[in-house]
Amino acid sequence: MKLKTLLLLIDLGKRGAIGGKITITLREISKELDVSPQTTLRWLEELEELGYIEKEESRRGTSVMITEKGIRLLEKLYEDISIALYSGVIVGEVISGIGEGAYYVRQYAPFIREYLGFDPYPGTLNVKVIFPKTIFDALCTSRPIIIPGFKKNGRTFGDVRAYRIKIDGIEGAIVIPSRTVHPPKIAEVIAPVNLRKTLNLQDGDKVRIKVL
């Protein structure tokens, strides 16, 4: 199938042609896709011949519905695009934190050692996510390691979700506390070393994080 024909199928889905018929005109579709009405008609006929849509002509326009075969194609396309976009890679920009990372890493250090297998440097590297939209998009296919909460000196420390990562060859983890003040655009990274010093990072530097 040609890319333009596939784009037409996607456009029909966006217009609501899944689960029921919609009425369209060649003029509005051709304007959306920046092609002639004749080309739009030819693409509709191709989709119909391939079994991806059903269509009927009337005085009001063309009634179109995406078939089950067409829906399966769109679902497969969505899965492939999701894998391509959210393959566990985060591209971000180094930023300064609010200064609390060192304290909390020290409190959780014994549990980080137990559950992640390394002694963490007392501090976090904060990364503002550029791609994908949020850290959750990059982590959606990964299973977290749950570091359980605990009480210490009358204070309660909540659970932490940890995701193993590698940044410029150094293994570490993205940590997401159950009680976080950071928005989903900020990734907190811990590692056995001072990442800023080891990788010579400054605020504004771009980094690439691979989720393991």
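The backbone N, Cα and C atoms fix where each Cβ goes, glycine too.
Annotated features, as they stand in Swiss-Prot:
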type	residues	note
REGION	1-87	region 'H-T-H motif-like'
REGION	88-212	region 'Riboflavin kinase'
BINDING	Gly97, Ile98, Gly99, Glu100, Gly101, Ala102, Val193, Asn194, Leu195, Arg196	CDP binding site
BINDING	Thr124, Asn126	Mg(2+) binding site
BINDING	Thr180, Glu188	FMN binding site
Entry from the binding-site residues list Gly97, Gly99, Gly101 having the most other CB atoms no farther than 10 A:
Gly101
Between Gly99 (CDP binding site) and Asn126 (Mg(2+) binding site), how far is it from one CA atom to the other, in Å?
10
Length of the line joining the Cα atoms of Gly97 (CDP binding site) and Thr180 (FMN binding site), in Å:
13
Restricting to the same chain and to sequence separations of six or more, state which residues have a Cβ under 8 Å from that of Val193 (CDP binding site).
Tyr121, Ile170
Among Gly97, Ile98, Gly99, Glu100, Gly101, Ala102, Val193, Asn194, Leu195, Arg196, listed as contacts of CDP, what is the widest Cα spread in Å, to the nearest whole number?
20
What is the separation, in Å, between the Cα atoms of Glu188 (FMN binding site) and Thr124 (Mg(2+) binding site)?
6
